[in-house]
Every structure is written in structure tokens, then in C-alpha cells.
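Per TrEMBL, the features are as follows:
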ACT_SITE  Asp8  active site, nucleophile
BINDING   8-10, Trp24, 43-48, Ser51, Lys77, 115-119, Lys146  substrate binding site
BINDING   Asp8, Asp10, Glu170, Asp171  Mg(2+) binding site
ACT_SITE  Asp10  active site, proton donor/acceptor
Amino acid sequence: MKKGFVFDLDGVITDTAKFHYIAWKELAESLGITIDEVFNESLKGISRMDSLDKILAYGQKENDYSPAEKEALAKQKNDEYVKLLADLSAADLLPGVHDFLMDAKAHQIPCAIASASKNAPMILEKLGVLDFFGHIVDPESLKKGKPDPEIFVKAAQSIAVAPEDAIGFEDAQAGIEGIKAAGMYAIGISATETLAGADLQVGSMTELSVEQLIER
Ligand code: BG6
Ligand code: MG
């Protein structure tokens, strides 16, 4: 049976969560809403517009903006986020990621990206790892976001691997739930949060070996 790996991006390949947080916090402040890092946890893995909706609801302003105004706010946040990514480079890969991807390639295990981020191709390019991935699921093509399994099922299909032969890597609770609902083996990556339902949790990718995972 052909095996495959499906990766989330933000928080698994690189630590962009801090930049999402800075950009959302700034936008929220401009609307009179204060968010903190605890609230930010609930935005991980959630699409741009769903994140904005959550922030507006948190500030009890969910009915204050038209769809066009919300589009403008989401764009404003993204413009700031993209500015913060200007200096992103291979040095920003999380520990163990490059070695793991090299090892997967050596074992001819196809890899795909299942990220809610529309910025994924640009970020992977800046990190210098775009070529390791056979496919990046386009979040615009999804009917539902995480924790729905759709993005993980599509990612596995894109590299011609059955979900039960695929391993998913995630740092967010919504992502672990999506991976499990897709029928895949879930590896949680977080040194700080407990990811309920993960088949295995590690603090970083340095703790993982491709060979051991294939045997499993
Ligand atoms: C996810 C992040 O990977 O992508 C979320 O965890 C983010 O925080 C989402 O909102 C969408 O990202 P983008 O780059 O399309 O705004
Ligand atoms: Mg993530």
C-alpha cells in the first residue's frame, strides 16, 4: 500500500501563527476589540473570513458590518500579514521539518499540503520547500473548512493515497479532528497545547522518524 503524508502549514512547517496574531490584533484594536493569545488559539486552522467572524462575534459586533466591509477588513488584515512575512526564509522552517521532508523524499513518500491559508504557495516558496509537495489543496475549492475532513481527504486524493494509508500532521485541535474524521492517522505537533484525539503527539518534528512511521 502506498503511503503518503499530509501537512498543515501554519504551526507545522513554519511558525506563522505569531504573524497572524499580530495582524488580527491590530485589526481588532482598530475596531475597538481586544483579543489575547488565549482567544488566538481558537483561530488556529480557521479560514480568514471565519476568523474575522469569530473576532467580530467576540467583540459583539457581528451585525455591524456588511459583506463588502468584511471583505475589506479581511484584505486589510491580509495586507498587514503579508508585510510581516517579507523576510521569511528557509531559516524560519520549524525544527526537524527540512530533514523530515528530505527523508520522505528519499523514501519516495508523496507529500501534500492541507492548509486553510490562501498564502500557502507563497510561504512555501519563501521557505524554499515548495518542491517537496506534490499538491497544495486550494482552500477556495472547499465547501467546508477544518474541522471538516474535506481538506484532508482532498489532499490524500491529490497524491493518490487512501486516507487509511495517509498520516496527517497538525498543530490545531480543529485540524486533528479533521484528520481523524478523514480516517487518517493523526500526529499532533505542539509543545504547549494538548491535542485531544491525536494518535501521537510530539513537541516538534525532530522527534519523528520517517522510517518508524512507515513501520507503524
Ligand atoms: C491557517 C491558520 O493555516 O490559515 C489560520 O492557522 C489562518 O490562523 C488561515 O486564518 C487562513 O490563512 P490566510 O493566509 O489565507 O489568511
Ligand atoms: Mg496550523
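Glycine is no exception: its Cβ is also placed from the backbone N, Cα and C atoms.
Locations of recorded TrEMBL features on the structure.
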residue: Asp8; record: active site, nucleophile; Cβ within 10 Å: 30
residue: Asp10; record: Mg(2+) binding site; Cβ within 10 Å: 23
residue: Trp24; record: substrate binding site; Cβ within 10 Å: 23
residue: Gly45; record: substrate binding site; Cβ within 10 Å: 28
residue: Arg48; record: substrate binding site; Cβ within 10 Å: 21
residue: Ser115; record: substrate binding site; Cβ within 10 Å: 26
residue: Lys118; record: substrate binding site; Cβ within 10 Å: 13
residue: Glu170; record: Mg(2+) binding site; Cβ within 10 Å: 29
residue: Asp171; record: Mg(2+) binding site; Cβ within 10 Å: 24
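Using the Cβ center of Asp8, Asp10, Glu170, Asp171 for Mg(2+), the list of other same-chain residues with Cβ within 8 Å runs, in sequence order, Phe7, Leu9, Gly11, Val12, Lys44, Gly45, Ser115, Phe169, Ala172, Gly175, Ile189. Gly45 (substrate binding site) sits 8 Å from Asp171 (Mg(2+) binding site), taking the CA atoms of both as reference points.
Arg48 (substrate binding site) sits 15 Å from the residue listed as 'active site, nucleophile', counting Cα to Cα. Only Asp10, Gly45, Arg48, Lys118 of the binding-site residues listed as Asp10, Trp24, Gly45, Arg48, Lys118, Asp171 bring a Cβ under 6 Å of any atom of ligand 1; the order follows the sequence. In the vicinity of ligand 2, defined as a Cβ distance under 6 Å, none of the binding-site residues Trp24, Arg48, Ser115, Lys118 are placed. Ranked by Cα separation from Trp24 (substrate binding site), the recorded positions Asp8, Asp10, Glu170, Asp171 are led by Asp10. Across the fold, the C-alpha of Asp10 (Mg(2+) binding site) and the C-alpha of Ser115 (substrate binding site) stand 7 Å from each other. Looking only at the recorded positions Asp8, Ser115, Lys118, the one with its C-alpha closest to Glu170 (Mg(2+) binding site) is Asp8. Here the C-alpha separation of Ser115 (substrate binding site) and the residue listed as 'active site, nucleophile' works out to 5 Å.
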